[in-house]
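Features as listed in TrEMBL:
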{"type": "COMPBIAS", "residues": "1-55", "note": "compositional bias 'Low complexity'"}
{"type": "REGION", "residues": "1-198", "note": "region 'Disordered'"}
{"type": "COMPBIAS", "residues": "63-80", "note": "compositional bias 'Acidic residues'"}
{"type": "COMPBIAS", "residues": "86-95", "note": "compositional bias 'Basic residues'"}
{"type": "COMPBIAS", "residues": "154-165", "note": "compositional bias 'Low complexity'"}
{"type": "COMPBIAS", "residues": "173-186", "note": "compositional bias 'Low complexity'"}
{"type": "REPEAT", "residues": "209-269", "note": "repeat 'RCC1'"}
{"type": "REPEAT", "residues": "270-348", "note": "repeat 'RCC1'"}
{"type": "REGION", "residues": "284-319", "note": "region 'Disordered'"}
{"type": "COMPBIAS", "residues": "297-309", "note": "compositional bias 'Acidic residues'"}
{"type": "REPEAT", "residues": "349-401", "note": "repeat 'RCC1'"}
{"type": "REPEAT", "residues": "402-456", "note": "repeat 'RCC1'"}
{"type": "REPEAT", "residues": "457-513", "note": "repeat 'RCC1'"}
{"type": "REPEAT", "residues": "514-578", "note": "repeat 'RCC1'"}
{"type": "REPEAT", "residues": "579-632", "note": "repeat 'RCC1'"}
Amino acid sequence: MPPKAAATKKAAATKASATKKTAASAAATKKTTAAKPVAKPAAKKAAATNGATAASKKRKLAEEEEEEQEEDEEMAEESAEETKTAKKPVKKAAVAKKDNTKKTAAATKKADAKTTKAKAAPANKRRKVSDDETEDEKPKGKKAKTADTADVDSQATESAKATESASEEPEAQKPVKATKKTATAAPKPPAAHPHKVGAKINSAPTQILDIYVFGEGSSGELGLGAKKLDGKKVVDVKRPRLNPKLSAKDVGVVQIACGGMHVAALTKDSKILTWGVNDQGALGRDTSWEGGLRDADAEEENDDDDEDSGLNPRESTPTAVDAEHFAKDAKFTHVVASDSATFALTEDGRVYGWGTFRSSDGILGFTDKIHIQKTPLYLPTLKNITTLAAGSNHILALDNKGVVTAWGCGQQNQLGRRIIERSKLSSLIPQSMGLPKNKVDRIACGSYHSFALGKDGEVWAWGLNNFAETGVDVGAGEDDAVIFRPTIVESLTNMKIKQIAGGEHHSLACTHDGKLLTWGRLDGHQVGIPVEELDADSVIKDESGKPRILSKPTVVEDVHNCVFVAAGVDSNIVLDNKGVAHSWGFSANFQTGQGTTDDIETPTTIDNSAVRDKKIVFAGAGGQYSILGGVADVPKTNGFAFTSNGQPATGGFRPTF
């Protein structure tokens, strides 16, 4: 047989065998066919081979050669594809994990290539076949896949379906590339507080007080909050009223300091409470509040029934200054308040302060570098301080060696040193003054003048003196009269002064034997003595001949057994040894506690149900208000106690307690 005929016969036999396999595969999968029956072409080819004519053979051979060539090309392509698929099934799966989108496209392309014949469908849009549907039979003329190839194809198809499903999953389920972790820096420890708590040299008061308030209160200085309490208004309090927000049991106030329009209080657990005006940071805490906008006319009409005073509740309610500003173990023993600042003394003789000082030109500053200090600031240059005293805009500090230091506004020479205008900020730096060392053991301030009391009974004074408020009879009655340096008050030298307090233009003192002395301005009944009873030689009159100044300290005969004195701007309070309070002076805002706006000419007992039969041991006065402190019916703290005459049993003298 010629080689060409043999090759043709072999190809025909191969094709017949492939056709039988295709038919068997179709029967096994129970799929319907849309093509012609595959048995007929096989029968025709067999007949042509066995007995056709030579011409017919030649024609058939040509057709078969052409068909064989096409089949060989098809088989070669499919064989290459199957080999590639068989070698890399695992890699395909790995790639699918790395890039779902990529795998979907590749798998879909392969599935289309395996289910579409080269000559059939230029666009084969296969769809998934459900269980009750039959899949169209593969086009005739392509070689049926072997069992192994079919398995690989099945795996690829399943992989493609899985990839399609995976590509529809939410984005969050896609693998995320690992990112290099960067080490997070450990938080830095908080900076050490500059105040290193040292040895104890001061003790806090032990007597817990009931706090009684009276006066105007329109700036929240009474500490009653912003709304009515028990149906009572929190402003214009005519007589002493127990402040429930300063409960002896729950709060436990042991000391009070009255500033011009704000108050500071020290509690049994060493907290510092503040309330009142905070315009320049005097409260040492944030009191921001968005309320308070009210119709003035409506306020007047509904004043009697209004439950809300319109006060800022964060200013008018006693609230503790945040302890984060203090050294961890700092304990406080004493607080003082000026017009716009507050200062606190610790057990180890250190000082904190906040707010600002003012001059006649406005805000001067808190230090030479700080305009307004809104939170407590530690003052490192002040060491071993045993007591503090505050004027309107200046502070005195006394240390354990008797050295007096002063700072603040010095326009009226209240600092005891001359301040030059071009370097006026130097007054904000604490500096000692020319007083004998180891001589001074007590200090006190008026609004614009100052005092130092010696161990041997001496009294030094300096500052503004146009109303003889220092007790020094030099320049009294003259405008801008001042005492430049600490000067001995001769009229007080042999009086055995126990305590001194200063108002705006007057002063008062009590002696160890219980006498009350007053001097200074008198035209508002500040001295508590009727003019006709005064020594004419001690009275200075104005241009119209009206008595205006009492130039020498004078005993007030109406008061006996005096143990404590307090001065407001133009009003006063004195306590006797029985714990009874007496007041006099300017009373337009009920600051005398006498229930009237008329001036009180002479010392008059403060008597109402709130304080009657109570032992009053503290008094303080501000611009338009006053405060009394009575012995509370609770146990004392573990600080220092006061003797019956108001002196501390241990520790240094304190003008307020």
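Using N, Cα and C of the backbone, Cβ positions are placed for all residues, glycine too.
Residues in the repeat 'RCC1' (457-513) partition by DSSP class (helix H, G, I; strand E, B; coil) as 3 helix, 25 strand, 29 coil.
Counting C-beta pairs under 8 angstroms (sequence separation of 6 or more), the repeat 'RCC1' (209-269) fails to reach the repeat 'RCC1' (402-456), with fewer than 3 such pairs. When the repeat 'RCC1' (209-269) is classified with DSSP, helix, strand and coil residues number 3 helix, 28 strand, 30 coil.
Across the repeat 'RCC1' (402-456), the prediction's mean pLDDT works out to 95. The DSSP breakdown of the repeat 'RCC1' (579-632), given as helix, strand and coil counts, is 0 helix, 24 strand, 30 coil.
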